[in-house]
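**Q** The structure is given below, and queries will be raised subsequently.
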Amino acid sequence: MNKHPWKNQLSEMVQPSGGPAEDQDMLGEESSLGKPAMLHLPSEQGTPETLQRCLEENQELRDAIRQSNQMLRERCEELLHFQVSQREEKEFLMCKFQEARKLVERLSLEKLDLRSQREQALKELEQLKKCQQQMAEDKASVKAQVTSLLGELQESQSRLEAATKDRQALEGRIRAVSEQVRQLESEREVLQQQHSVQVDQLRMQNQSVEAALRMERQAASEEKRKLAQLQAAYHQLFQDYDSHIKSSKGMQLEDLRQQLQQAEEALVAKQELIDKLKEEAEQHKIVMETVPVLKAQADIYKADFQAERHAREKLVEKKEYLQEQLEQLQREFNKLKVGCHESARIEDMRKRHVETPQPPLLPAPAHHSFHLALSNQRRSPPEEPPDFCCPKCQYQAPDMDTLQIHVMECIE
């Protein structure tokens, strides 16, 4: 039970004696251990001195034992403290050992993880090399497409210049018609002397001319509206081009192709409108040669022609502005042509490295916005159709030529 039996023995050794009897016992024990035999010799004269000396020796022995006992206690406490410190150090070393074991296990797991990451990186490097080869092939095909698009762009510019020349010729004819209107003013006095039937006929023909003017105005307004829609579609195309220039080179080329096709269609529509205006100008010329008009009506007609000429000059300015925008777009396209290859390749590489790959951007939004602009242009609110109605019998004619024939027959 007791871990230190020697400690109990020491405590028994340091118990103080109770009295002279005990001293005598101790003296007997000391004599048995080898003390001189003269202490036990009975002597009446030497007994008090001997007893006093024994007591002093006993006291000295007690002091020595007490000091020895105190030293032993201090030594025992030091040993206990040392044992406690050794136990704490052992626990600390065990804790450090457990931490070191956990650290070794964690480092082993990290080593396995790094090894798997290294293998994954090698696989990705192989994929990147394959992608680089594919990008080189795509670069050659894109260069060929850009060359073909530049040729188409030059062809469309030549067509635009031809349309501008035709428009200038048409304006010259309009000025000639205005000169004829001034000549008709001098004939106004003679025309006022004619028969009342001729006056009615002139009024009917005047109404037909006004209807033709309304048609021409509507055609001009339609042309302005189409030009505004074309300009809006052009701005929309430019925005789509600017937003998708970094995502896909093929989409840019497709947008430019659609834009060139739209410009060609617009030029064809302009050419048809110019031909129609030429025919109407010829009809007006015939009408002005055969049917005189009142001065007020001639002034109105002249003012309308001047307004139309002013409007056409504005249209010319707008077309020149669009031509400048087209040239600026071509210059920007040439500047961005080289940078787009690198940006597209970097973007594709970045998309392949993300954890959740995003679907590639398709050129559908640009085409959709372009076709939406065209559909909005085609589905614009319809204008009010011209009223080809006979003022005498209220006959509703389908077109201006039919109305003129009917009016002549109705008057006769």
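Here the Cβ of each residue, glycine as well, is placed from N, Cα and C on the backbone.
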**Q** Out of K96, K392, which residue gets the ubiquitin cross-link annotation in Swiss-Prot?
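**A** Record annotation (Swiss-Prot, ubiquitin cross-link): K392.
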**Q** Of the residues K90, K130, K224, K318, give the one that Swiss-Prot describes as ubiquitin cross-link.
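**A** Record says K318.
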**Q** If you look at how Swiss-Prot annotates this chain, which of 227-257, 382-412 comes out as zinc finger?
**A** 382-412
**Q** Since the record lists K226, K285, H406 as recorded positions, which of them has the fewest other Cβ atoms within 10 Å of its Cβ?
**A** K285
**Q** May I ask for the residues of the chain that lie six or more residues beyond the zinc finger (382-412) and have a Cβ under 8 Å from a Cβ within it?
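**A** For the zinc finger (382-412), the sequence-distant neighbours (Cβ-Cβ under 8 Å, at least 6 residues beyond its ends) are 197, 200-201, 203-205, 207-208, 211-212, 214-215, 218, 221-222, 283.
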**Q** For each of K139, K319, count the other CB atoms within 10 A of its CB; which of these recorded sites has the top count?
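**A** Highest number of other Cβ atoms within 10 Å: K319.
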**Q** Same chain, outside the region 'Leucine-zipper' (315-336) by at least 6, Cβ under 8 Å from its Cβ: which residues?
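**A** 153, 157, 160, 164, 167, 223-224, 227, 230-231, 234, 238, 241, 245, 252, 256, 263.
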